[in-house]
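Annotated features in TrEMBL:
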DOMAIN    30-186  domain 'Sulfotransferase'
BINDING   ARG41, SER49, LYS166, GLY167, ARG168, THR169, HIS170  3'-phosphoadenylyl sulfate binding site
DISULFID  CYS149-CYS161  disulfide bond
Amino acid sequence: MPRTLDSQITVEKTPSYFVTKEAPRRIFNMSRDTKLIVVVRNPVTRAISDYTQTLSKKPDIPTFEGLSFRNRSLGLVDTSWNAIRIGMYAVHLESWLQYFPLSQIHFVSGEKLITDPAGEMGKVQDFLGIKRVITDKHFYFNKTKGFPCLKKTESSSSPRCLGKSKGRTHVQIDPEVIEQLRDFYRPYNIKFYETVGQDFRWE
C-alpha cells in the first residue's frame, strides 16, 4: 500500500479479495482498522455475466448449463466452478467475520449501483466518514451501455464510462436452469441477508 497521510483515504480494489481464503488474515495483519467495501449482485445474474465475459475470450468453452451442474436432473450444482462459487456470499463472509466486525464492512447493491448510483455512493461516503461530495449531479445514464457514467470532471474533458467488457448482452439461458440456480442460492442468500441485516431482494 502507498504511504498515506492522516488526512487521506487510500483505496485499493480487486474483485477476487472477497473470495480469496488468505485475504482476510493478510489485510487484518496489514491494518485491523481497514474498512471493507464489497459490491454484491444477484448471484445468478452474476454467474451468467461471468460466463458471458469468459465466453467472449474463449468461445469454445462448454455451455453455461454444462458448467453449472454436476448432475442437472438431480439438481446438483457444481460449486467448484468459480462463477457459481463466488455468488455463495454467506460462505465467503464467514472468513471475513473471523477477522473484522460487520461494522467495518459495507455492502453495495450492484443492482442499485446501476439504478441509483448517487444513492449507493452516498452510503459509501457515509460509511467512510467523509462528506457527501459525489451526488446525482455527477452521473448520467448511458442508454447504449445500460449503465450510469460519471460526467466529465475538471481534470478530464470526456465522461468516464465502464470499459468495453462491461454492459454486453448476456447469453440466453434456459429459464429452468435459472430457476434451479435460484433454488440453489436461496438458502445462501437468506443467510447472507440475515448476517448483514440487509435484504437485497434477489428473488
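These residue numbers are counts, starting from 1, taken along the chain as shown.
Note that Cβ sites are derived from N, Cα and C of the backbone, with glycine treated the same way.
Annotated features, which come from TrEMBL, shown on the structure.
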residue : record                                  : contacts (Cβ under 8 Å, 6+ apart)
ARG41   : 3'-phosphoadenylyl sulfate binding site : SER109, GLY110, GLU111
SER49   : 3'-phosphoadenylyl sulfate binding site : HIS170
CYS149  : disulfide bond                          : PHE139, TYR140, PHE141, ASN142, PRO159, ARG160, CYS161, LEU162
LYS166  : 3'-phosphoadenylyl sulfate binding site : LYS145, PHE147
ARG168  : 3'-phosphoadenylyl sulfate binding site : THR52, GLN53, SER56
THR169  : 3'-phosphoadenylyl sulfate binding site : THR52
**Fill in**
Over the domain 'Sulfotransferase' (30-186) the mean pLDDT stands at 92
**Message:** Return the count of C-beta atoms lying within 10 angstroms of the C-beta of HIS170 (3'-phosphoadenylyl sulfate binding site), excluding that atom itself.
**Reply:** 13
**Asked** Relative to the Cβ position of CYS161 (disulfide bond), how many further Cβ atoms are located within 10 Å?
**Response** 16
